[in-house]
Structure formats: C-alpha cells, structure tokens
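Lifted from TrEMBL, the feature list:
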- 20-40: transmembrane segment (TRANSMEM)
- 137-602: domain 'Myotubularin phosphatase' (DOMAIN)
- Asn309, Ile310, Cys395, Ser396, Asp397, Gly398, Trp399, Asp400, Arg401: substrate binding site (BINDING)
- Cys395: active site, phosphocysteine intermediate (ACT_SITE)
- 459-486: region 'Disordered' (REGION)
- 459-485: compositional bias 'Low complexity' (COMPBIAS)
- 699-730: region 'Disordered' (REGION)
- 720-730: compositional bias 'Basic and acidic residues' (COMPBIAS)
Amino acid sequence: MQITSVYLRLSKLWLRDAELFLLILMKLVLCWLQIFALFLCEGTEDIVTLGTIPLATIEKFNKMVVKNQSAPRQPDKTTSRRLLQVIGKDMRIVVFGFRPKTKQRRVVFDALLRCTKPSSLWDLYAFTCGPSKFRNANPKVRLLNEYFRLLGKGSMCASMDMIEHGSYTLSNELWRISTVNCNYSMCQSYPFALIVPKSISDEEVLQASTFRARCRLPVVSWCHPGTGAVLARSSQPLVGLMMNMRNNTDEKLVAALCSQLGGARGRRKLYIADARPRKNALANGAMGGGSESSSNYFQSEVVFFGIDNIHAMRESLSRLRDYLDTHGTTSSDGMSSFLRHGGWTWGGGNLSSMSASVSTLGDTGWLIHVQSVLAGSAWIAARVALESASVLVHCSDGWDRTTQLVSLANLLLDPYYRTFTGFQALVEKDWLAFGHPFADRVGMPTVSGNGNMPFELSRQSSGSFSSSTMRQSSGSFTSQTPSSSHAQNNYSPIFLQWVDCVSQLLRMYPFAFEFSSAFLVDLLDAVLSCRFGNFFCNSEKERQQVGVSEACACMWAYLTDLRSLEGRSHLHYNLFYDPHKHDGPLLPPAAALAPTLWPKFHLRWACPSEAQAGELEAQCRNMSMKFFELQKAKEVAERKAKEMAISMESLSAELSNEKQISSSAAALAKRASKENAAIKRAIQSFGCKVHFARSGDTTVDVESNTRETPQKLMYSSSRSKSDGNLRHDEKSDLSVSITVAAEDAPNNSISRLCETLCPLRTTDGGCRWPEAGCAQLGSQFVGLKANFDAFDRLSIYDGYFETE
C-alpha cells in the first residue's frame with residue numbers, strides 16, 4: 001500500500017514538475033542501492049549472480065588484505081584491496097572486494113558473524129520459519145518398523161501407543177528387541193530400542209555395556225534373513241594399556257552374535273573389524289581403550305582398516321576445496337585459476353604445471369579416504385554374503401567411521417536400502433538413531449544436559465574462523481583472524497564423505513539404485529542448510545528433549561513432496577533403475593573401487609559446465625518424459641477403447657435381446673394369423689359371413705336354412721379374460737368368444753343354431769368337450785368359447801374339417 005501511494009504521488013508530481021520528479025527519483029535509487037548491494041566482476045564489471053546461500057552452510061569467513069605488486073617504474077605506489085572470503089560447507093568459496101576507506105566490509109562481516117553462528121539452537125531457521133506442511137511420523141515409529149522388517153515381522157505396524165506401553169518387544173528364533181534403553185539410562189547416544197541376541201537377558205546387556213566406551217555395547221544393525229549372519233556395531237572395548245582387561249558378559253554377548261540356528265552345525269566365524277589404524281588403537285589403550293584380542297573371543301579374527309579420524313577428514317576436504325577453487329574454470333577471487341577463460345593454455349602452457357595440479361589432487365587425500373571407506377565396506381559385505389560370517393564393527397566411540405562402514409555395508413547387502421524408503425530407513429537407523437553427532441560434525445549449536453539446565457546450549461569451537469593457506473599468485477594475503485587449533489574443532493564432513501561413497505557406488509552400479517545423484521546432492525544441501533530439524537542435535541535423546549519432530553519440518557516429507565509433483569520423471573529418480581537386475585548383494589571387486597571426483601557436488605561451483613556434463617542423462621530424462629507422456633496417452637486411448645468395447649458389447653446384447661423379442665413377436669404373429677385363418681374357415685363353414693372392422697371387432701352374420709331373421713354373432717379376442725359365466729384355459733395364448741344375439745328368436749332356433757355351430761355334440765345330446773363352457777340354452781344369448789390349443793389336442797381338424 002505504501003509503494004502504491006508513493007507511485008501515485010510521483011505520478012501527480014511528474015504532471016506538475018518534471019525536474020523535481022527526476023531529482024526525487026534519483027534519491028530513491030540511491031536509497032535502494034544502499035539497501036541492496038550489487039557485486040560486479042572485476043575487469044568486466046558484469047553483475048555477479050550469487051544465487052541463494054543458506055547462512056548455515058557457511059563454514060567460516062575471513063577478512064583479508066591483498067597487496068598488489070607495484071609497477072616496475074613506480075616502486076613507491078603500492079595499493080591494497082580489502083577482501084572478505086566466505087567458505088561454505090558445500091564446496092563453495094566466494095571472495096568479495098570492497099572499496100577502500102569504507103566501512104562496508106566491517107558491516108558485512110559483523111552481519112555474517114551475527115547470523116551464521118547462532119548461540120541458540122532455537123535461532124536456527126527450522127525453528128524460526130513457523131509451521132510447515134511437511135510433517136511425518138515420529139522417528140521412533142519408523143525405527144521400530146525397520147526393526148520389525150529385520151526380524152521378519154514386516155506385517156506388524158508400530159505406533160506411539162506401542163512405544164508408550166513398551167509392547168514392541170518382538171523376537172524371532174535368534175534376536176529380540178530390548179527395552180533396556182527405553183529411557184536412555186544405559187546409553188544416552190543409543191536409540192530407545194535395541195536388537196540383541198535372544199539368549200542374552202537385559203541384566204547381561206547392562207553388565208556388558210560397562211565394558212565399552214560411552215556404554216555403546218555390541219548390538220545388531222542388520223541380520224541376514226536366510227543364513228542368520230549379522231552385522232553388529234559397538235564402540236571400542238576398555239581393555240587398558242596392557243590389553244589385558246576382560247569382561248565375561250561382553251565376551252558372552254559377542255559370542256551370541258555368532259550363534260547358529262539349530263546349534264548342531266556349530267558356530268559361525270566372527271570378524272571384529274576395527275576401523276582405525278592399528279597404531280591408533282594401541283594409542284587409545286593408554287587412555288583406557290584399545291581393541292579386542294582374538295584369543296578372548298571364540299572363533300574370531302580382528303582386522304584393522306586403517307581409516308583416519310575426523311580431523312584428517314576435515315583437513316582433506318579443506319585441501320580439496322582449495323584445489324578445486326585454484327584449478328577450476330573460474331576462481332573465487334578471479335586471479336589464481338590456471339585455466340583462463342576456457343583457453344588452451346594451462347599454467348602458462350607448461351605441461352609440468354598440469355602434472356603438478358593433478359598430483360595436488362592426490363595430495364588432498366580425499367579420494368584415498370573415500371576409497372578406504374569403500375574397500376572396508378565391501379570387505380564386510382563380502383564376509384557376510386559369501387562366508388555367512390558375522391561381523392562386529394567399531395572404531396573409538398562407534399559413531400563416525402563405524403557408522404560409515406556399517407551403513408555402507410547395509411547398502412551393499414540389502415536391495416531394500418537402495419530404494420527411497422529404504423534409504424531413509426537406513427539413514428534414520430544407523431546415522432540418527434545410533435547417535436552420530438550431527439551438531440558437532442556440521443557445526444550447529446548443541447544441547448547438553450547439565451544439572452538443572454537440561455537445555456543449556458553451548459557453542460563448539462567449530463565456529464572459529466580459521467583461514468586456510470592462501471594462494472599468492474598476484475599478491476600476498478594476510479588474514480586478520482587468527483587461526484584456531486583443529487584439535488578443539490569437532491567439525492568434520494563425515495556424513496558428506498559417506499554420501500560421496502554412495503555416489504561412487506551409484507556410478508559403478510547405475511541399475512541398482514532407485515534414486516539418482518541429484519537426489520544425493522539435494523539431501524546434502526538439506527542437511528547443511530538447517531532448513532529441517534531431522535539432523536539437529538547429537539542423539540535421539542536430545543532431539544526428543546528439544547521436540548524437534550513436533551516443532552520442525554521433516555526433510556523426508558519435503559523430498560517426497562518434490563518427487564510427487566512430477567512422478568517418475570522427477571530428477572530424483574534414477575532412469576536406469578532395474579530392481580530385478582541387482583536383487584541381491586553388491587560385491588564390487590577391488591579393481592572397481594577407484595573413486596573419482598563427484599561432478600554434481602564437487603564441481604558445481606568451481607567447474608559449473610563440467611558439473612552439468614551429464615547431458616546424456618538429461619537427454620535420456622527428456623526422452624523418458626516424452627515416453628511417459630506417450631504412455632499416458634496410450635493408457636487414455638486404451639481406456640477409451642475399452643469403454644467403447646464395453647459399450648459395443650452392451651449394444652450387441654441389447655440388439656440380440658431385441659432380435660429375440662422381434663423373433664418371438666413374429667412367431668406370435670404367425671401363430672395368430674394361422675389361428676385367425678382357422679377361425680375364419682370354421683365360421684365360414686357354418687354358413688356365416690365374417691366382417692372385420694378397423695376397431696378390431698368382428699361381425700359374424702349367420703344365415704339359417706329356415707326363413708328367419710339372420711342372427712348376428714360378435715367375435716372378439718382376449719388373452720386372459722372371459723365373459724360372465726364363461727370359463728377359459730389359463731394356459732392358452734389366445735381365446736375367442738362368439739356371441740349370438742337373437743332378436744326375438746325362439747328357443748328352437750337357438751337350439752338348432754347351437755347344434756349347427758357345435759360339431760362336438762353327440763347324438764345323445766352330450767358334449768365331447770366338457771370344459772368348453774358351452775352354450776347357455778334358455779337365455780337370450782348363446783355363448784361359445786373356443787380354445788384352439790384344445791382343438792389341436794382333440795384333432796378338431798381331423799374330426800371336423802374333413803375332406804369331401
């Protein structure tokens with residue numbers, strides 16, 4: 001309304017004074033430019049389109065000063081530029097330049113500092129955006145439904161009533177669902193329900209939990225429906241520095257993971273997969289941790305995978321991000337990209353520079369880490385699928401590398417997890433329910449229970465603004481923000497790395513997954529943006545305390561709504577998905593586990609054209625959309641044809657019925673014509689003349705041999721009624737009544753007439769047709785009712801219509 005009012009006033013002003021109008025318009029434009037800043041590309045001064053950058057995806061930002069090298073003839077005139085570098089968790093790096101001697105950079109920096117690092121969990125967008133239509137069932141209900149499926153009880157359906165009453169303790173021959181952690185008293189980072197061996201009681205479960213770090217005891221994550229082999233997870237055992245501490249209950253629980261259905265066949269082999277390097281496991285022994293000894297666990301083998309910790313992953317991703325920004329099509333600051341404007345020169349035309357850049361990619365270590373996770377998961381899946389062995393996986397705390405390995409092995413073993421619904425169940429089970437600390441790893445405010453303040457919020461050091469090593473191609477960079485110690489930073493792209501591993505499997509097995517690479521990208525963006533509350537906090541217990549599922553929108557419901565708008569043609573669907581091609585486990589050989597950069601995610605900012613290089617997929621998707629449209633048109637045409645066929649069948653049935661009716665009517669008409677002809681001949685044989693009128697009545701003139709007045713007989717036909725005292729056969733189709741009207745005729749004339757008309761009278765005055773309702777002598781009228789069916793039965797034609 002205010003804008004409309006201003007517009008009307010300016011219109012009236014333009015009519016009065018054009019010069020004053022232009023002056024006011026210029027002031028409005030200046031005010032507009034002060035509110036909305038436009039960033040121009042240096043050199044070309046083209047407007048830079050930044051798009052939408054969710055504040056939560058900003059990992060860090062730094063104020064920098066770039067000192068330009070002075071010209072050779074002007075050594076004293078050196079200039080510097082004020083820059084602000086913004087680094088995102090989604091591989092995006094943006095550098096903004098500001099005019100010198102202004103406070104613009106300070107204002108923007110303070111605004112980012114205030115908005116991107118909220119001190120309260122409730123300041124995140126998911127809590128402040130208000131009510132949302134994207135609601136979903138309680139995560140606990142979905143977890144129980146997945147447990148029921150694993151135990152072979154898929155027909156059961158979980159509910160909140162079942163959770164509140166604790167009536168979800170189902171079991172099969174080997175495993176059961178335990179309520180020992182229903183109030184999170186045993187382990188705060190584990191889910192409320194656990195799958196444990198059926199032979200282990202809840203008391204033994206409590207005893208075994210004390211021997212594992214953070215009480216994360218061995219529990220079942222997935223069980224083979226046919227062989228009974230399981231994939232279990234836990235944290236490291238507390239064996240101590242000398243590796244000699246033991247716990248009988250823990251050993252009994254681990255041994256129960258290898259039980260065989262029908263114990264006559266003995267126990268299966270157990271592999272204990274330690275995700276850490278061996279030296280790290282030994283170092284943890286100094287702090288009371290360590291690893292198992294195969295001599296203490298019956299028929300077991302301990303294997304170390306050598307996967308580095310969260311700090312190594314964080315540094316690796318940072319180096320990869322800098323590498324892509326440096327060697328991409330365009331650099332964030334526009335100065336240090338080796339590939340200029342898509343030309344053919346690479347690093348000044350030096351081939352060694354190209355080789356150096358490729359080796360720099362290897363130095364980031366990212367692909368090596370991805371390969372280590374892939375190889376470990378494939379090894380676990382092979383042991384379960386090929387040897388029917390059980391595998392227990394753990395690292396230090398059992399919520400980072402353990403979650404990566406277990407969930408990826410589940411994805412390889414179970415085709416259900418390669419669908420949309422199964423992938424959601426997998427993420428909610430192994431990542432959310434089993435306590436991956438998303439708040440710490442993504443860099444969000446956390447919830448910690450401290451005495452009287454159960455919702456006290458604390459900031460992790462992941463919010464520090466440490467600057468990475470800056471490139472010095474055209475000038476020197478100095479940061480005004482001191483670097484922080486990575487040892488105090490719990491931020492790490494563990495979940496991002498796992499999704500990267502899933503994308504590698506999708507590349508190797510394009511027919512095995514219902515979802516596409518675009519779905520994985522949108523999944524990561526939804527997690528990093530904090531638009532939804534599914535990945536808040538560090539555990540299921542904390543999310544329940546905060547009431548995330550009630551207060552925040554659900555990411556899964558949002559993604560499902562996106563797909564429902566376009567159906568199978570949506571870009572989240574994998575066009576090549578064939579559930580029958582890979583209906584069993586995926587067991588990639590070692591030679592196939594050579595990862596590459598994930599273009600859709602890693603290259604979308606540094607190399608936008610290369611990230612969209614999947615034009616073949618886009619063309620296939622367009623062809624698929626056209627195919628679906630043609631298929632829909634075909635279905636519509638087939639439906640119309642079916643309706644027309646049904647209509648034709650109905651019309652044919654009606655036509656057949658009409659033909660039957662017409663045939664029956666023709667038969668009746670033919671029979672009536674035949675009977676009418678017989679009547680006519682019978683009456684004419686009596687010496688009567690028959691006259692037919694248009695009204696349907698028939699007049700019969702009777703001429704006697706004597707010289708008496710002619711008698712008149714009236715003939716009428718009826719199907720079901722008779723006259724007065726005359727009776728008729730109810731089974732007959734046609735009745736004929738003949739009435740003789742005698743005007744002052746003597747009785748003897750009537751008798752002679754009756755004798756003349758009735759050929760069935762016997763010589764003694766009797767009647768050979770007693771049921772005919774014969775003439776009523778002595779009355780004024782003489783009635784005769786003839787039933788022609790009875791005539792036929794008595795062979796009237798043979799007895800009366802004799803040939804002369």
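Backbone N, Cα and C define each Cβ position, glycine as well.
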For Cys395 (substrate binding site), nearby residues of its own chain (Cβ under 8 Å, 6 or more apart in sequence): Ser235, Gln236, Asp274, Ala275, Arg276, Ile307, Arg401, Thr402
Max CA-CA distance, Å, over listed substrate-binding residues Asn309, Ile310, Cys395, Ser396, Asp397, Gly398, Trp399, Asp400, Arg401: 12
Whole-number mean of pLDDT values that fall within the domain 'Myotubularin phosphatase' (137-602): 85
Listed in sequence order, residues not in Asn309, Ile310, Cys395, Ser396, Asp397, Gly398, Trp399, Asp400, Arg401 with Cβ within 8 Å of the centre of the substrate site Cβ atoms: Ala275, Thr402
Residues that sit under 8 angstroms from Asp397 (substrate binding site) by C-beta distance, when 6+ apart in the chain: Ala213, Arg214, Arg216, Ser235, Gln236
Same-chain residues at least 6 apart in sequence whose Cβ lies under 8 Å from Asn309 (substrate binding site): Arg276, Asn280, Ser396, Asp400, Arg401
Residues near Trp399 (substrate binding site) in space but at least six apart in sequence (CB under 8 A): Ser189, Arg216, Ser235, Phe434, Gly435, His436, Pro437
Cβ-Cβ neighbours of Arg401 (substrate binding site) (radius 10 Å): 28
